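Chemist: According to TrEMBL, the protein has these features:
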type	residues	note
DOMAIN	A:5-350	domain 'Aminotransferase class V'
COILED	A:37-64	coiled coil
BINDING	A:ARG43	L-glutamate binding site
BINDING	A:ALA77, A:SER78, A:TRP103, A:THR153, A:ASP173, A:GLN196, A:ASN238, A:THR239	pyridoxal 5'-phosphate binding site
MOD_RES	A:LYS197	N6-(pyridoxal phosphate)lysine
Protein chains: 2
Amino acid sequence: MTERVFNFNAGPATLPLPVLEEAQREMLNYRGSGMSVMEMSHRSKEYEAINNEAEANMKELLGLGDNYRVLFLQGGASTQFAMVPMNFLQAGQRADYILTGSWSEKAQKEAAKLGQTHIAATTQEGNYKRIPSLEEIQLSEAPAYVHITSNNTIFGTQWQSFPDFGDIPLVADMSSDILCKLFDANKFALIYAGAQKNLGPSGVTVVVIRQDMIEKAATNIPTMLRYDIHAKNNSLYNTPPSYSVYMVNLVLKWLKAQGGLAAMEQRNLEKAALIYDVIDNSNGFYTGHADKDSRSTMNITFRLPNEDLEKTFASEATKQGMIGLKGHRSVGGMRASTYNAMSREGCQALSDFMKEFMRKNG
Amino acid sequence: MTERVFNFNAGPATLPLPVLEEAQREMLNYRGSGMSVMEMSHRSKEYEAINNEAEANMKELLGLGDNYRVLFLQGGASTQFAMVPMNFLQAGQRADYILTGSWSEKAQKEAAKLGQTHIAATTQEGNYKRIPSLEEIQLSEAPAYVHITSNNTIFGTQWQSFPDFGDIPLVADMSSDILCKLFDANKFALIYAGAQKNLGPSGVTVVVIRQDMIEKAATNIPTMLRYDIHAKNNSLYNTPPSYSVYMVNLVLKWLKAQGGLAAMEQRNLEKAALIYDVIDNSNGFYTGHADKDSRSTMNITFRLPNEDLEKTFASEATKQGMIGLKGHRSVGGMRASTYNAMSREGCQALSDFMKEFMRKNG
Ligand SMILES: Cc1ncc(COP(=O)(O)O)c(C=O)c1O
Ligand SMILES: Cc1ncc(COP(=O)(O)O)c(C=O)c1O
Ligand SMILES: [Mg+2]
Ligand SMILES: [Mg+2]
Ligand SMILES: [Mg+2]
Ligand SMILES: [Mg+2]
């Protein structure tokens, strides 16, 4: 058995080792129940406790009260691209989208198939290097909601602070940075995130939804796409992806034990700095894709002087136990995903490797 | 750590112990990759191999050739209730449903929200004790498809042989009996099953679909609900529920090692007989819900003389390590789910317990 690698995959992504170890210990027999969590009825007391605990932990970490629900759904963030407009974009209305990358484009395109959309801002020019300034955002008149992507997994940009549009519902795809830092979740009408980056394994999508949104969600759509049905049934309308929810709850408990969002923010800033500092002090050997004031702490995108060096970089890194560093084709170069579960040691190792690689090839 | 119980849950349900043990061994490091399957990119060679192997194993077990695809989707069988009509019930068409239990009712109701349906037969009278005879089935003129539920999880009935409607596409919800016996899968246009009963953990829905159905599936619906998109992308359009697919593949390998569907059928018949024989020889102490010629080998439903005895039965069984025996409220009494992964020992233990319980309380 080889050692575990430093896994810089963009998602599914690295998980905290203690979480995997706990899951391993409990695999055949969850707390004396005589069965695996995978074998437990979703109507059992044990599973209900996991489900409720996961909701409570999520709300606690986000600082949310009784006017919010947390749902554990299936279908990934891609299904949310359709569910959001199906539930909240009525005929005659318009929904505003701010485009900061491929995922916001996909969200907007899916909504445009179902209703009218307006692009309130886009930073597509220059290949999504930045988050728009508040002044650039041109809302339509009374949109049904405004949709943003808080962190752009592919391009490596991240909203540094969130806009406030008053009474207009703010909806965010936080798939790649949920729980990475302190922020005011109470500003959002709806937040969704595929779990497979910052929350756990794939197979469960976390939806944080404000009570008034549940009340105005559409009811004339397929049952499984109705937020009100899932909220009323406590995410147990049908069989939930129970093992993924269990894993998410273990990750949430781990996050709390690490000190919650304040501690995560500090740690994520330090981790990202280990890598951004090498880029900034490389005299142009490494070039970051994102503008400095839009940089993500979760996905760090950079290029090398040429594609041959980029290939060598990836393969030498792999040999040294650092995997998943090849960037997405729409940016090229490298991408280091440094989610909550990526250790400081992993980032230090990558930082050291980058310096050494530059020394040898610069 | 207590021992493992005999788990008669209806789903999520018991899994083969060797499968859980393999998952446990590989939890921190899948075959020297240095990571868990949960942490692997769904675009990696390792995960693609799992995905492809799962499709190939499923097709091999079902005896299907190149004119079929197997998809691994999210959302449970309940999402299929909507996806089937959204993809195949066009305006002006009608879809036929044969009602044999609560799940077929739900499937039909979901379709009726989206288009026109016709109830081709129902055995609701008498509380779904049986499967209709061929003569009872009255199809509408040229329906878009005919939908059946092959095994009725709640009522404990099961189609003993499948109808053949010629060119009319036959669609089956096989959530609770897929791969339990030999049958001609080539008769079906589409088969779907939530994995959490006979295939693995919850979180993944297996869809077996014939090539011509993929070609005529709707394209003007949300992307994530399009069968053609998932088929074209090899179930990797977006992030799949990868750990659940991995577990399903382990279960499929286990099934093959057990001797495939012929061996499973033999074993399931013997397992079910251990329990049905006690019912039939109890002089009315135990009464089966299903008519004898409609009995399921997967869910065995029976009542005791009164509700007090039923409660005592469940609690004493639990004390003896047999759990999940309480029936669904729409039938009352007891239900023993004896899916592929339930061992003969478990059924023997229940059979012995039933005899002893009758001796003491009869
Ligand atoms: C920001 C963002 N949104 C949406 C998605 C799509 O998520 P899923 O694969 O769960 O549908 C991703 C996946 O990488 C993402 O990074
Ligand atoms: C025959 C049948 N169909 C559908 C379902 C619903 O499945 P899911 O919970 O995966 O939506 C069940 C669940 O018990 C079932 O037994
Ligand atoms: Mg992006
Ligand atoms: Mg991505
Ligand atoms: Mg039923
Ligand atoms: Mg059931």
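Start at 1 and count along the chain as shown; that gives each residue its number.
Glycine too: its Cβ is placed from the backbone N, Cα and C atoms.
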Chemist: Where else in the chain does the coiled coil (A:37-64) make close Cβ contacts, counting only residues six or more beyond its ends and a cut-off under 8 Å?
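Modeler: Beyond its ends, the coiled coil (A:37-64) has Cβ neighbours at 26, 30-31, 70, 72, 179, 184-186, 206, 208, 234-236, 239-240, 242-243, 245-246, 248-249, 252-253, 255-256, 260-261.
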Chemist: Report the same-chain neighbours of A:ASN238 (pyridoxal 5'-phosphate binding site): residues 6+ apart in sequence with Cβ closer than 8 Å to its Cβ, ordered by sequence.
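Modeler: The answer is A:MET224.
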Chemist: For A:THR153 (pyridoxal 5'-phosphate binding site), just count the other CB atoms lying within 10 A of its CB, please.
Modeler: 25
Chemist: Could you check the recorded positions A:ARG43, A:SER78, A:LYS197 and tell me which sit with their Cβ under 8 Å of a chain B Cβ?
Modeler: A:SER78
Chemist: Only counting partners 6 or more residues apart, tell me which same-chain residues put their Cβ under 8 Å from the Cβ of A:ALA77 (pyridoxal 5'-phosphate binding site).
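Modeler: Counting only residues 6 or more apart in sequence, the Cβ neighbours of A:ALA77 (pyridoxal 5'-phosphate binding site) under 8 Å are A:TRP103, A:ASP173, A:SER175, A:TYR192, A:ALA193, A:GLY194, A:THR205.
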Chemist: Pop the Cα-Cα gap between A:LYS197 (N6-(pyridoxal phosphate)lysine) and A:THR239 (pyridoxal 5'-phosphate binding site) into the table, whole Å please.
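Modeler: Between the alpha carbons of A:THR239 (pyridoxal 5'-phosphate binding site) and A:LYS197 (N6-(pyridoxal phosphate)lysine) there are 23 Å.
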Chemist: If you count Cβ atoms within 10 Å of the Cβ of A:TRP103 (pyridoxal 5'-phosphate binding site), leaving out that atom itself, what do you get?
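Modeler: For A:TRP103 (pyridoxal 5'-phosphate binding site), the 10 Å Cβ neighbour count is 21.
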Chemist: Express the distance between the Cα positions of A:GLN196 (pyridoxal 5'-phosphate binding site) and the residue listed as 'L-glutamate binding site' as a whole number of Å.
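Modeler: About 25 Å separates the two Cα atoms.
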Chemist: Near ligand 3, which of the recorded positions A:ARG43, A:SER78, A:TRP103, A:THR153, A:LYS197, A:THR239 have CB less than 6 Å from any of its atoms?
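Modeler: Close enough to ligand 3 are A:TRP103, A:THR153.
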Chemist: The record lists A:ALA77, A:SER78, A:TRP103, A:THR153, A:ASP173, A:GLN196, A:ASN238, A:THR239 as binding pyridoxal 5'-phosphate. What's the largest Cα to Cα distance among them, in Å, rounded to a whole number?
Modeler: 31
Chemist: With every protein chain in view, how many other Cβ atoms are within 10 Å of the Cβ of A:ARG43 (L-glutamate binding site)?
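Modeler: Step by step: centre on the Cβ of A:ARG43 (L-glutamate binding site), count other Cβ atoms within 10 Å, giving 14.
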Chemist: Long-range neighbours only, meaning 6 or more apart in sequence with Cβ under 8 Å: which ones does A:LYS197 (N6-(pyridoxal phosphate)lysine) have?
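Modeler: In sequence order, the residues whose Cβ lies under 8 Å from that of A:LYS197 (N6-(pyridoxal phosphate)lysine) (at least 6 apart) are A:ALA10, A:GLY11, A:PRO12, A:ALA13, A:THR153, A:SER175, A:SER176, A:ASP177, A:MET298, A:SER337, A:TYR339.
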Chemist: Among the binding-site residues listed here, A:SER78, A:GLN196, which has the most company in the form of other Cβ atoms within 10 Å of its Cβ?
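Modeler: Top count of Cβ atoms within 10 Å goes to A:GLN196.
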Chemist: Quick one: Cα separation, A:SER78 (pyridoxal 5'-phosphate binding site) versus A:ARG43 (L-glutamate binding site), in Å?
Modeler: 28
